[in-house]
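Notes follow once the structure below has been shown.
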Amino acid sequence: MDLFEYQARDMFEAHGVPVLAGIVAYTPEEAKAAAEKIGGVTVVKAQVKVGGRGKAGGVKVAKSADEALEHSTNILGMDIKGHTVNKVMIAQGADIAEEYYFSVLLDRANRNYLAMCSVEGGMEIEQLAVERPEALAKIAIDPAVGIDQAKADEIVAAAGFAEELRGKVADVILKLWDVFKKEDATLVEVNPLVKTGAGDIVALDGKVSLDENAEFRHAKHAQLEDKDAADPLEAKAKAQDLNYVKLDGEVGIIGNGAGLVMSTLDVVAYAGENHGNVKPANFLDIGGGASAEVMAAGLDVILGDEQVKSVFVNVFGGITACDAVAKGIVGALAELGHTANKPLVVRLDGNNVEEGRRILNEANHPLVTLAATMDEGADKAAELANAAK
């Protein structure tokens, strides 16, 4: 789960990371009141979970509360890369002397953590990594040890901080590691981390991604979820405990097991090249149980996506036998009734497959087409989706 900047700022503050004052506002009037409370120069910052806010006009300096009112009026409701701005943060203005960069993230490829640090912050880190990779220090972090004082000292030295700054920056890095570890984050990023005119090190902007698999350890994290910003279909699937991710294609996908579903996405994308370049519309893993209720919930979510033109159900019977899956499909179609109005291609294999196919053949539902193989099913689903475009 990605946090808004103001949520990351509050989390930083709770762990002792030095930050400046910041107040979230949902209306121009609230923004003006926040600017008056903070006093002096403030910055009106659009709160969206996407980069490029400044270039899009979503970050403005306000020299007075009236200017904060004016800027927030213009920013609220703005569209930034498909994200509507529903709130702004009024942040205390900073006297910036230098800008730096720091992040720590889960490095899945190497099965550990990775810290990245640079004395050249404030710009797109991807651009810096490409144009001047030597300016970005990358330090592997042993998960069993984490970032201790010695590792923090190593990071600031590798990044090239001046000797007199290393102690201060290392202290902030230790606190940011505390956020990463204790909040079960997969990413903690500060860009920029700044030195003020007074010589203080302050986290001026923050990005935090939390591991949703660790939510059971953090009851308070549920309060951080922005229901309004969530995709409605993903929110609906989550409410029904379905593993669903919305994509941009036309072929709805249902499978059992993440590996099989990911393989199905690839096969459908390949088949789509011969049928109008249609693509998968989603990832949906119904897991080991394929009861009528689970299948109905999955189909209900997928058929609620207006982009979907056909559905490919690809199931390998294991613990859950194919006859149970077939009964689930028939029951789901009966339960959904007229809302099930798009063609389904079903491929079954594995445990009790013949009985499963018999059940579907006897049901003889007009929307259901049986496929013998995954390739055949993907091709048929892509063909049907293209015909309905």
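A Cβ is built for glycine as well, from the same backbone N, Cα and C atoms used for every other residue.
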Candidate sharing the substrate site with GLY318, ILE319, THR320 (per Swiss-Prot), from ASN243, ASN256, ASN386:
ASN256
Per Swiss-Prot, what member of LYS45, LYS63 joins GLY52, ARG53, GLY54, ALA94, GLU99 in binding ATP at one site?
LYS45
At its widest, how many Å does the recorded substrate site span between Cα atoms of ASN256, GLY318, ILE319, THR320?
11
Within a 10 Å radius of its Cβ, which of these binding-site residues (GLU99, ASP205) has the fewest neighbouring Cβ atoms?
GLU99
In whole Å, note down how far the CA of ASN256 (substrate binding site) lies from the CA of ASN191 (Mg(2+) binding site).
40
Neighbouring C-beta atoms (10 Å sphere around the C-beta of THR320 (substrate binding site)):
22
Could you state the whole-number distance in Å separating the C-alpha atoms of GLY52 (ATP binding site) and ASN256 (substrate binding site)?
38
Whole-number Å distance between the CA of ASP205 (Mg(2+) binding site) and the CA of ALA94 (ATP binding site)?
11
